[in-house]
Amino acid sequence: MSGSYDDSVGVEVSSDSFWEVGNYKRTVKRIDDGHRLCNDLMNCIHERARIEKVYAQQLTEWAKRWKQLVEKGPQYGTVERAWCAFMSEAEKVSELHLEVKGSLMNEDFEKIKNWQKEAFHKQMMGGFKETKEAEDGFRKAQKPWAKKLKEVEAAKKAYHAACKEEKLAISRETNSKADPALNPEQLKKLQDKVERSKQDVLKTKEKYEKSLKELDNATPQYMENMEQVFEQCQQFEEKRLRFFREVLLEVQKHLDLSNLASYKNIYRELEQNIKTADAVEDLRWFRANQGPGMSMNWPQFEEWSADLNRTLSRREKKKASDGVTLTGINQTGDQVSQPNKHSSSLSVQSNTVQSVQSSYNPFEDEEDTGSTVSEKEDNKIKNVSSYEKNQSYPADWSDEESNNPFSSTDANGDTNPFDEDASPAMEVRVRALYDYEGQEQDELSFKAGDELTKMENEDEQGWCKGRLDNGQVGLYPANYVEPIQ
């Protein structure tokens, strides 16, 4: 019987107590739950690490994009540096969050994984060794007591059945006395039945009380054995709970950047950079570099000399490398009679000089047309930011500028004899190798790594014509860039 014993057969569970037969299974199930909780905690940490990585990447992308926009935008001076400090902060914080991601995966995740592997040992037939040991321990501790409990239940059932039979026999005997049709022999049988039922009640009651006493005597040992196995399970669970607490504290330390000195320094430095922004200093810089404080080569009287060794400007070198000779300039009478409204007020009496002045002079200002950048160039401006999209450049590229090298006709429709071939060259994308700050208004300024479009090939003086991504067109040194492969 013991070999085929099943502690769940024939026993009615009357409560949810741990001491009831089979209720130890909840404690055993906790071991399997502990293994699953390790997986859940690893998944939780893995998802947080992925969030940290994505956030770090987004910070880096945001910082890179806005740093370019601010540097290429109209903001300048100390306020520009304060603005760019936010991008530097994002890059540094991005690095810290990547470190958090690395700590979560390389330390916390791996620690849980290794502990789980050491604490839970899988069996060949499935399940865990720890679960089977707990199951066997509880079954062994509960088996003797459960067997006696079954005997008690059987004795109780027999006793209750005997009591029921006694009550039925007594009821039949009482009814037979009132029935005159029954003979004395039948009445005698009913009385004997009552007597036997009373004896059965006494026997079953005695057996019931005996089995219950034996169960009570076995209960202390049963409780002791069950407590012993339960404490083993408690100790195993205590290790897991303490380990989880330890891991969660380490995760908290990795996530809490406020305790890192480097994190605090990032915002201390950001605050200092913002406080260094000085409106007065920026206005002074703008006045000196873009306003009335700029130096000016004011026109002065120059005496003509055949032997004058005049140094040509860069633009003049670009237009004519071996000097300028005005020959074959024929003007109609109407053109001679119409003075140029931008011509010099200096009066020269020589007819030859007057003829030259009345014609198109490439070294004087062109006719005022009030135009800004041509529509063709405006259409090529890329949408870099909101303020660059709608910005025009009348001050830099107006036809009124005497330095505009890109206008090929004057007000009278005559062509400029010093312009280069007007045929368009194939545009090529190039990348700056070095920083370059334009020295004149028709020169481009860029930083190393910036990309621009080469519109004309290199001239004899080593200059190219190009266009920045914001639409600005100008000249730049050819050896400062390289083609983009």
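Note that Cβ sites are derived from N, Cα and C of the backbone, with glycine treated the same way.
From the options 91-122, 187-218, the stretch TrEMBL describes as coiled coil is 187-218. Panel annotation: around the coiled coil (187-218), residues 144-145, 148-149, 151-152, 154-156, 158-159, 161-163, 165-166, 168-170, 172-173, 176-177 of the same chain, lying at least six beyond its termini, place a Cβ under 8 Å from a Cβ of the stretch. Averaged across the domain 'SH3' (425-485), the predicted model reaches a pLDDT of 90.
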